[in-house]
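Some notes on the structure that comes next.
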């Protein structure tokens, strides 16, 4: 099996972009939660 | 419970079970039975993965935890999306290339039979014991609050799940889980909306958040680093990452969900969907708990939510002391309610000085409430020796049964039963597949037909179902054992993950070194648990590092097969 055997993800050209989306969403959630914590401290 | 609630509950469960059985009724071969013939789409796997992890306790304990301790538990899930990415890159292509039925099969091709058997044994021990508790834990709460017969509740969950898992194998588990997930998410969303609507006039979502924040419930992120503290950003990101890596990458109850994918891409997307949705889903469940907390700032909550345990005090010589605590609790509640209403008023008028003054009164009342509650807990403890005293598990269901409108009560109970059934089904299915593939087919009966192994899988599913039901039935007499099993489970993950990390990333490490490193690591983990106060999330990281480290230390001294 080579890298080419794996289908690309939807909406993105590469899996790397897909992984960055997941990590970016996580970072956004952590930032949002941090802001909520600080706002209501 | 009303007729409408019974109708919603029975109708929902019956529809899901019958649908799952009907869709998967045809006789199957081994690949179909244990790997769903590799026909699963990403969203089906994503839902299945989430339903496997979301046990009934997720929906009972988590809101109770938010009610008591705030939302900081959310940090436990921060490492999960990271783990989904790592597993998508590394584990999935390897499992697909080798066309394995179980994660442990891979260990034999990489190391040797004994390392495969050790990992499979640790999984069977851990999952086999804990599945009984997956059934027992919601059954005891449902039977206490609703007055259902405990034995009948355990038998109902255990037998129904065994039935559809035996009939349809992995496909039935997946088909039912997607419907169960829809019920769970829909039910919790409805609960969140209804709790806000039940708040007094003039108290909306914004005011509810102010009240929750004043009481310290919106503590979502804690940046301080403390290895003894279970929930902070760092334990969530690092400890949670290793726990998720171990659970989703090496636990057959999860690996079995995504091995049934059509392609590597579909399985990856299933895992990544879990990475994207899990954090907001847990946020929603915790938010419901916080909203229930806010609700109980305006309506008197019981002094102790587990009424069965409380009644052991009220029917004893402790009754006068209990009545005294209840009277104190009512006075404090009134004080706190007035302060909370003042806070809401000040918030609406944008009066910061008023908000600060009201907040201070709330905090003072909260300190008094905690004191009274501690005294109540101590009283309950003296009259319920040896039993689990975590009454926060009863908060959400008490609220549901006493406050929600007819119909929604049935739906929320369906949420709890769906969660119990979904996670139990995955456990039965994975226990059977590991027993057949890694034990029976590998060492007991190596040359039988495909049909024979499917039949054996069905019988092992029945067998594990029976073991779990038996354990659940007797768990009520063994409260200490339940805690021991829960702790034991969390102590194995690091070692199993260490074996797999060594297999994936350290090509120089061979079978004998890894096997003995894993045995040594497990002993060290037990010693650390016994003699230190390290939070359990860190055992995953420590176990992984120890297996790899000891493996390298032993490598020069052990002879490996060519």
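Cβ coordinates are placed from backbone N, Cα and C, and glycine is handled just like the others.
TrEMBL lists coiled coil for one of the ranges B:313-347, B:348-382, B:383-417, namely B:348-382. Ranking B:179-199, B:231-250, B:271-296, B:537-558 by CB pairs under 8 A with the transmembrane segment (B:74-96) puts B:231-250 at the top.
A Cβ distance under 8 Å defines the sequence-distant neighbours of the coiled coil (B:348-382), meaning residues of its chain 6+ beyond its ends; these are 202, 207, 210-211, 214-215, 303-304, 306, 309-310, 312-313, 318, 321-322, 325, 328-329, 332-333, 335-336, 338-340, 342, 389, 391. Counting Cβ pairs under 8 Å that are 6 or more residues apart, the transmembrane segment (B:408-432) and the transmembrane segment (B:42-62) reach 3 or more and are in contact. The list of residues near the transmembrane segment (B:459-478) in space but at least 6 beyond its ends in sequence, with Cβ under 8 angstroms from a Cβ of it, reads 128-129, 131-136, 139-140, 150-151, 154-155, 158-159, 161-162, 165-166, 169, 424, 427-429, 431-432, 435-436, 440. For the transmembrane segment (B:537-558), the partner stretch with the most Cβ pairs below 8 Å, chosen from B:6-22, B:231-250, B:271-296, is B:231-250. Against the transmembrane segment (B:42-62), stretch B:179-199 has more CB pairs under 8 A than any other of B:6-22, B:179-199, B:231-250.
Most Cβ pairs under 8 Å to the transmembrane segment (B:179-199), among the stretches B:6-22, B:231-250, B:271-296, belong to B:271-296.
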